[in-house]
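Taken from TrEMBL, the feature Ca(2+) 1 binding site applies to Asp71, Val74, Gly76, Asp78, Ser80, Glu92. Taken from TrEMBL, the feature substrate binding site covers Pro167. As annotated by TrEMBL, heme b binding site applies to His197. Sequence annotations record features per position, and here TrEMBL assigns Ca(2+) 2 binding site to Thr198, Asp249, Asp257. The disulfide bond annotation in TrEMBL covers Cys39-Cys119, Cys72-Cys77, Cys125-Cys326, Cys204-Cys236. Taken from TrEMBL, the feature domain 'Plant heme peroxidase family profile' covers 29-330. Annotated signal peptide per TrEMBL: 1-22, in sequence order.
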Amino acid sequence: MAQSMSFFFLIGLLAFAPLCFSTKTSGGSLYPQYYYRSCPKAQEIVKSVVAKAVAKEARMAASLLRLHFHDCFVKGCDASLLLDSSRGIVTEKRSNPNRNSARGFEVIDEIKSALEKECPQTVSCADILALAARDSTVLAGGPNWEVPLGRRDSRGASLSGSNNDIPAPNNTFNTILTKFKRQGLDLVDLVALSGSHTIGNSRCTSFRQRLYNQSGNSQPDSTLDQSYAAQLRNRCPKSGGDQNLFFLDFVSPTKFDNSYFKNLLASKGLLNSDQVLTTKSQASLALVKQYAENNELFFEHFAKSMVKMGNISPLTGSRGEIRKNCRKMN
């Protein structure tokens with residue numbers, strides 16, 4: 001609904017076994033054992049609340065994964081996305097990529113509340129987002145990885161950053177790749193992380209132009225399978241139905257697997273930003289083919305890229321704060 005920073009990680013990540021990463025940042029070091037002494041039950045608590053939420057609504061896994069992505073691409077992985085408007089802050093929740101679509105905030109609140117009872121003002125909201133994204137992926141059947149921890153929370157938000165830095169469904173391939181490179185991510189990360197669209201939903205308004213007027217000539221997108229397009233038009237009319245939801249991966253919409261890439265090769269990617277991975281770059285197409293053929297390779301690359309994305313400009317050391325409430329500064 002959801003990227004190789006200088007190839008920090010030289011060890012191949014096994015698809016089903018988490019490895020330990022320690023990630024150097026400008027302000028300190030992120031490492032999986034960060035809370036072992038200060039809040040030993042932290043990861044257990046996060047996993048428990050996420051599992052309950054996903055059991056109640058399978059879609060929540062994709063929603064929580066998307067929150068981490070939309071947080072990291074704006075000012076780094078600092079939980080700026082979670083702040084409500086107040087005291088001179090204009091919330092990122094009002095941006096075009098987030099308005100009427102970003103969700104799962106109540107789950108993050110529930111996790112934070114449980115952690116505050118267990119170990120007050122210790123676990124950051126930014127780390128909660130990173131852990132919840134990993135746990136959601138695993139619960140949906142995807143790969144596991146150890147999450148480097150130690151991020152702190154921002155004291156501000158950026159509505160303009162959210163509007164400009166998050167890749168949009170209608171962006172060109174080059175624009176999307178540029179937005180990834182701006183974050184220190186590369187083509188492999190772009191294709192691997194796009195695979196998160198193996199779960200979750202998208203709204204009619206995000207792909208309508210592909211059905212009716214892709215290039216301003218009142219014609220549908222020629223790269224979209226026309227029988228699939230006809231099915232989509234049934235619930236995504238030329239006008240109205242903006243919020244109608246559609247599976248990003250209609251084959252296995254709640255299972256984290258490589259069917260998303262198989263759909264792309266069949267010209268059945270839902271979003272323009274999905275399908276351009278096969279039509280605008282030979283290097284990107286080659287990766288799509290590899291992932292479609294090899295689920296374990298996709299899992300390996302996805303896990304590596306998630307760790308790298310989680311290392312975008314974290315606040316560490318004395319920078320930022322540990323919020324008591326993820327929606328507002330202390």
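A Cβ is built for glycine as well, from the same backbone N, Cα and C atoms used for every other residue.
Structure coloured by features recorded in TrEMBL.
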residue	record	Cβ contacts under 8 Å, 6 or more apart
Asp71	Ca(2+) 1 binding site	Cys77, Asp78, Ala79, Ser80, Leu81, Leu82, Ala126, Leu129
Cys72	disulfide bond	Gln183, Met309, Gly310, Ile312
Gly76	Ca(2+) 1 binding site	Ile312, Ser313, Pro314, Leu315
Cys119	disulfide bond	Tyr35, Ser38, Cys39, Lys41, Ala42
Cys125	disulfide bond	Ala79, Leu82, Ile108, Lys112, Asp153, Arg323, Cys326
Pro167	substrate binding site	Phe73, Thr175, Ile176, Lys179, Phe180, Ser273
Thr198	Ca(2+) 2 binding site	Gly142, Leu248, Asp249, Ser252, Lys255, Phe256, Asp257, Asn258, Ser259, Tyr260
Cys236	disulfide bond	Cys204, Phe207, Arg208, Leu211, Asn244, Phe246
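Take the mean position of the Cβ atoms of Asp71, Val74, Gly76, Asp78, Ser80, Glu92, the recorded Ca(2+) 1 site; other residues of that chain with a Cβ within 8 Å of it are His70, Cys72, Phe73, Lys75, Cys77, Ala79, Leu81, Ser154, Ala157, Ser158, Gly161, Ser162. Note: the Cα of Glu92 (Ca(2+) 1 binding site) and the Cα of His197 (heme b binding site) are spaced 22 Å from each other. Under a cutoff of 8 A between CB atoms, and with a sequence separation of 6+ in the same chain, the neighbours of Val74 (Ca(2+) 1 binding site) are Ser80, Leu81, Glu92, Ala157, Ser158, Gly161, Ser162, Asp165, Ile166. Within 8 Å of the centroid defined by the CB atoms of Thr198, Asp249, Asp257, the record's Ca(2+) 2 site, lie the Cβ atoms of Gly195, His197, Ile199, Val251, Ser252, Pro253, Lys255, Phe256, Asn258, Ser259, Tyr260, excluding the listed residues themselves.
The domain 'Plant heme peroxidase family profile' (29-330) scores a mean pLDDT of 97 in the predicted structure.
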